[in-house]
Amino acid sequence: PMYFFLCHMSFADVCFSSVTAPQMISGFLVENNTISFAGCTGQLFGLHFFGCTEVFILTAMAYERYVAVCRPLRYPALMSRRLCGRMVGVSWAGGFLPATLQTLPTALLPFCGPNRVAHYFCDVHPLLHLACADTRAEGLAALANSGVISLSCFLILVTSYVVILVSLRGQTLAGWRKALSTCGSHITAVILSLGPSTFVYIRPSGDLSEDRSVALFYTLIAPMLNPFIYTLRNGEVRGAMRKLCRRKVGSGNGK
């Protein structure tokens, strides 16, 4: 089940990065910083669709980690193939609904003023700054949508790991190490993905320069690091990395 969830999260990561990275790279290389209104709207929808889907998959993985650590003997029965399929299906459907509710009101706003987006991708807050209308309702809707989803999922994930740590009381040191090695990669991915996105969407539209800097973490850096983070939990990969590092150190010392 863990690799089943990782497969879907990896696909969501690839799609999530593909929404923003190609446009940014073309802006650097070709100096073509223009995007059509339809492309901007599609980028906004794709960003929130794949982003919310990844958040929901991370939340489903937290339940899988809880069962693996706290209910290991019942793991095959609790994490059945049907349940895993339903959890992933709900995650994808759950990502579609907030993205639609986020994109439609923003796309229907009147844009009759400046057409320069103060960001490297089209997001809700930069587009609200371009609308020539009162956007306070749309800003509150974005806060209640993406902000509440990010914060609530983050709190659920933190609570799940508090429960896991409490259930480990009285365990041996080996049991603690095994549990932490099982959950460590997921905790790291949650902090890198949900921490910056929660900071951006939980507050009203403010300084876009701060949003640009923080958005780099959850749009580019976190999806890039996720394969590395989850690969290092494999003992064989860690052993191969140690051998590679020792070989490099040995060759550097002239051995």
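Backbone N, Cα and C define each Cβ position, glycine as well.
From a predicted model like this one, the values you see are computed outputs, not experimental measurements.
Summarising the annotation, TrEMBL assigns domain 'G-protein coupled receptors family 1 profile' to 1-230.
Annotation source TrEMBL lists signal peptide at 1-17.
For 41-63 (among others), the entry in TrEMBL reads transmembrane segment.
What TrEMBL records for 83-101 (among others) is transmembrane segment.
Positions annotated as transmembrane segment by TrEMBL: 148-168 (among others).
The transmembrane segment annotation in TrEMBL covers 180-202 (among others).
Long-range neighbours of the transmembrane segment (214-232) within the same chain, counting only residues 6 or more positions beyond its ends whose Cβ lies under 8 Å from a Cβ of the stretch, are 6, 9-10, 13-14, 16-17, 20-21, 47, 51, 119-121, 123, 185, 188-189, 192-197, 199-200, 238, 241. According to TrEMBL, the transmembrane segment annotation covers 214-232 (among others).
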- Would you mind giving the whole-number mean pLDDT across the domain 'G-protein coupled receptors family 1 profile' (1-230)? 83
